[in-house]
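Reading through the structure tokens given below for one structure.
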């Protein structure tokens, strides 16, 4: 399980160093093999250990290619999916097209989200957090049943 937000730097080749606290579990779970793709709703990337990505692929394979909305999701997620292998120094090369899509420059936020990471441009991440907090504080909508049962 991945949690927490960590600022990491992209080097001139587009590689990021995976924080040490995640390296061992990633090597055990996926031998350092990862898959990166776009997020359909946010200006960030999604980074999955290969076994977790294979579960997503199975779910995507059950969608109908004849349904335009389902085909669109398949096209976007699978079409942007890029495999990356953690090297001996614990670095991952993020494809240039993906970096461009998410507006990633030097400073990047690696955000743990249970079974995957999100990759955000640092400034975009902080703005998103601010926007999310503002939205929660100003919302007039009742909490969903699931959120009502969540005790923090």
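Cβ atoms are placed via backbone N, Cα and C, with glycine included.
Keep in mind the model is a prediction, meaning the values are calculated, not measured.
The domain 'SpoVT-AbrB 1' feature in Swiss-Prot is assigned to 5-52; the stated evidence is sequence analysis.
If one looks beyond the domain 'SpoVT-AbrB 2' (81-124) by at least 6 residues along the same chain, the residues whose Cβ comes under 8 Å of a Cβ in the stretch are 1-11, 13-20, 22-23, 26-27, 32-39, 42-50, 52-53. What Swiss-Prot lists as domain 'SpoVT-AbrB 2' is 81-124.
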Write out how many residues of the domain 'SpoVT-AbrB 2' (81-124) are helix, how many strand and how many coil, based on DSSP.
10 helix, 21 strand, 13 coil
